[in-house]
Every structure is written in structure tokens, then in C-alpha cells.
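This report concerns only the one structure given below.
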Amino acid sequence: MSLRADVAQCGGVVVEYENDDIREARQRKKGSIPGSALFYLKGPKFLIYVSGALSMWGDRMWHFAISVFLIELYGRNLLLTAIFGLVVAGSVLLLGALIGDWVDRNPRNKVAHASLFIQNISVTVCSIVLMLVFSYKKWVEEIWDGWLTVVCYMVVIVLADVANLASTALTIAIQRDWIVVITGYNRGHLAGMNATMRRIDQVTNILAPLAVGQVMTLASNVVGCGFILGWNLVSLIVEFIFLSRVYRIVPALSVKPPVTEEENYLQRKRERKSSQGENSLRQTVLLTENAGSVSLTGQTAMLPLCFRRLQGLLSTCKEGWRAYYRQPVFLAGLGLAFLYTTVLGFDCITTGYAYTQGISGSLLSLLMGVSAVAGLLGTIMFTKLRKAYGLVNTGMISSGLHLACLLLCVCSVFAPGSPMDLGTLLHGNGSDLGGMTGGGHQRHGYSLQGGSNQPLLPDRSSIHWTNNTVLFENAPPGSTPESYVSITLLFLGVITARVGLWSFDLTVTQLLQETICESERGVVNGVQSSMNYLMDLLHFLMVISAPQPQHFGILVIISVLFITTGHIMYFLYARKAKRKQSLKT
């Protein structure tokens, strides 16, 4: 038996994956060495975990807080929050390939440090601007007839978007590239690190927003901004030190694929486009000179250069999407993106719907905690299944489990207590506030009294902020549902489905890590991020087109159809991969 069990070759670079038996033997040997715990604490894995935890905690706090801050700034309605969400999704959708290409073309330490610095400094400056606006809001509103307030809104949204783009670059660099190198291309170690990073993400997703939410509730928005500002400055220093140490103690991180005859596809295409542009420009100048024209002015000379740069960026995006399409794991990645078009998650949409069905805020918080535990079980199941059945089969098992649990959500649409009424989709009044004031359709929803110009949110004193939703303390009491069977089935399906969902997500993530060439790892994962955001935008468009609680059942069915399509794509990939493997043997 050879030392290395599996070998993948791409772009002239040989990537070797160590088999699990060799890994376990090495682990047993390490366990017998005194001081192995101290060695682990000083090792690259632990440093990556701590750095990742600090980064994820800061990201979760900021993503929650910025939405609340924007609501508070703009008269307690969701306009600024919606604009911010659109800007963030659109920027990643358009720039995902460029971000990934930048990650590929630069040394790993420079990418990580630049992304870390830009992200934390953007959040810090944005927090300072927010503190000033909250502290001197009346004075700011009087300057330039209120236009200074608009400028502040724009500055906050732009800085927050820059921070999100930098966070995307850091995630691609660390979680899609660094840990592959740190594990020495060992599939078992890679699966373990992926699962651990996901567990950290699940825990911070619950605790971080609750922590900053308590600060904002017990103190003020200004104190909340200061808390986030201080966290980001401390996190910046600690993460910089830890990532620098990891880069020093893992020599392989300083080695990038050689750019020779086997240089990556995008670089060759960029050079070809550049040479074509230069030749075209040279021919144009020669023809002009032969005709006796005067020399080009400075402005005319700069115009083609700007166009050439723009053409280069567009070419990079186009070739990035082509590189994504050419990947053997393309169908699996596209299938994962389809899972983002769903209302069956613990976001503001599902939890808001549950609140209209008589579910209390305390119970919703409890359900969120149970959902996080289910996600953690999914990460554990992933490591066990991958070891027993292999990575591709793990994805198939996880897909089946995910779809089976979502059948409970489909059943909830037709169960007793379901508010679904297809008549409101055709005859509903779009001016109704989220469909909650529609005459004869108040039976299962809370009725918000007042005119159409009434602010969407009541006074801040009556609001409880949680990590994913806004809970009203003094909401007008509505009629309780005839039965809680429907809402019970819905959340039972959503919570249990997260076991299969996170196991499937980890499967596709590792497939991308193992399959993509090192020279294209950044750009392909950047395009994957763009696809995820695109499909996530679709689910918000679904809600906009059918906003009433009576329409939620339709959204559930559409979501399940999208998820089923995504899993079918994965099954097609698995079939193709197994057929290819059987031909090799």
C-alpha cells in the first residue's frame, strides 16, 4: 500500500490526499507524546479556530446590529435595511469573481492581512459615524436642509458593504484555501476542520447577536456602537497575530502554484485579451498617423485605457464564471446554491410568520436554540458518515434526510390551523401591511391598527431584538389559530431538516476544496458566493410577490421545489462521479 491513497492533479500541481488509516496511526502516535495538548494549543489548527471564532463573532454582531441601527436611523421602518440588503447582495453577486481572482493572484498572507484590515477598519469607521449620528441626530438633520443625514446614510451603507466584501474575501482565503493546506491535504483532517469551523459558526450565530442585543437594550445604541468598535479593534490585533503565526509555522502556505506553462486559465485569458487590445490600439494609431492626423490628446489617450481596464474586469468576471462551469463539481455547487432559495430557515421571514400564528417570543428563542443544536448534530453526523461511507455517499444520505424532514413542512401547509388561502393571492390588497389587515383574513394573524402611513415598527420601548427577528412586546392581541398542528409541523420540519442541511453543506464545501485546482480555488469559490447571494435574492423576491401570511404555504411549497431541484443536481453529480470512479477501477 502506498503512502498516499489518493492523488489529484490540476494545473501541473500534484495534490495528494492522505488516507484515513495513516491519519489515525499518526494520531495515536501523537497521543503518546507528553505535552501534546500544549503542542496543539500552539499549533495552526487551534490558532485558526480562535481567529475564526473572533471573526465570526464580530461578523454576527455586526450583521445583526447594522440592521437594527438602520431601522432606528430611518424612522423605524425597513427602507434603509432593504436598501442595505440589496446593495450587499448585488455587490457580492457582481464582484464575487473579482474577489476570488484577487485571492488567487496574491500571496496568502497579504490577502488575509489586507482583508482583515479592510473589514475591521470599515466596521470601526462605520461605528464611529453611527455614534456621531445617534448622539447629534437633531443637529445633523438641520444641516444642508437634512441632506447631511442622507450623506451619513450613504456612508454607513457603503462602509458596511465594503466590510462585507472584505469578509467574503477573508472567508474564501481562510476557510476555502488555508485550511486545505494546513491539513496537509488529508481528507480526514480537512473534514474535521470544516466541521469544527461550522460548529463555531453555529454557536456564534446564536450567542453573538444576543450579547450585542442585550448591550443595546440595557444601555443604548451609542454604547452598542462603542462595544462593536472596541471588539473589532481588539479582534483585528489578535487575528493579525494569530494568522501571521500560522503563516510562519506552515511553510506550505507561502508556496503558490508555479505560474509557468501550466499557469491558470484566467491568467492566460487576461494576457490574450490585453495583447489583443494593445495590437488593436497600435493599428489604430498607425492608421491615424498615415492619414496625417494630429497626435492623440491626453484625454483621448486615457479613454481607451479606461475602457481596456473595464474590459479586463469584465473579462475576469466572465472567465471566472466559465471556470466555475468547467469544474467537475459544478452541479454539486449549483445544487447547494439552490438551497438558498427558501423560507424554511430561522430568518426574519419564518420567525415573523410564526409570530403572526401566536408563537411567543420566548418560545421562538427556545426554538432557535434547538435549531442550533440540530445544526451541531449535522456536523457530527457529517464526520461519521464521511468516514463510514465516503464523501459522495455522505452527500446523498444528507440530501435524502433533508428532503424527508421537509415533507413535514409541506404537510403543515394542509394541516389544521394553516392560514393558507389561495383567494388572497388573486384578490388581496397590496396596501395591507404585510397582509395582516385584510378584512376577512385576520383569523390567523395579528391585526396592526392604524392608517397606511403608520410606521411599520412601534416605539422602541416595545421591541425585543433577537438575532434574526423583531419581537413586539405590546402587539395588539389577535385571534389565536384554530389549531397549532400546522405551525408545529412546520417548525418540526425546519429544525430536523437542519441536521441533513448542514451535513450536506459540509459535503459540498469539502468537494469544492478537494476538486478545484489550487490556482483557481479563489475565483471558483468567489463565483459560488455570487450564486449563493443570487439564489438568496430570489427568496426575498418570492416574499415580496406574496407577502401575506395566507400566502406562506405557497412559499413553503416553492421553497421545497427549489431545494428538491438542488438535491437532484447533486444526485446527477454523484452519479457522474461514481461512474467516473468505476471506469478508473
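Heads up, the Cβ atoms here are built off N, Cα and C, so glycines get one too.
Automatic prediction, not curation, is the source of TrEMBL annotations.
Here's what TrEMBL has on this protein:
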type	residues	note
TRANSMEM	37-58	transmembrane segment
TRANSMEM	78-99	transmembrane segment
TRANSMEM	111-134	transmembrane segment
TRANSMEM	146-166	transmembrane segment
TRANSMEM	203-222	transmembrane segment
TRANSMEM	228-247	transmembrane segment
TRANSMEM	329-355	transmembrane segment
TRANSMEM	361-383	transmembrane segment
TRANSMEM	395-415	transmembrane segment
TRANSMEM	552-573	transmembrane segment
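At the 8 Å Cβ cutoff, the transmembrane segment (111-134) and the transmembrane segment (329-355) share fewer than 3 close pairs (sequence separation 6 or more) and do not count as touching.
Counting Cβ pairs closer than 8 Å and at least 6 residues apart in sequence, the transmembrane segment (361-383) and the transmembrane segment (78-99) reach fewer than three and form no contact. Of the ranges 37-58, 146-166, 203-222, 395-415, 552-573, the one with the most Cβ pairs under 8 Å to the transmembrane segment (78-99) is 146-166. Taking residue pairs at least 6 apart in sequence, the transmembrane segment (37-58) and the transmembrane segment (228-247) share three or more C-beta contacts under 8 angstroms. Between the transmembrane segment (395-415) and the transmembrane segment (552-573), the number of CB pairs under 8 angstroms, six or more residues apart, is three or more, so the stretches are in contact. Residues 53, 56-58, 60-61, 64-65, 68-69, 72, 130-131, 134-135, 228, 368-369, 372, 376, 464-468 of the same chain sit 6 or more residues outside the transmembrane segment (203-222) yet have a Cβ under 8 Å from a Cβ within it.
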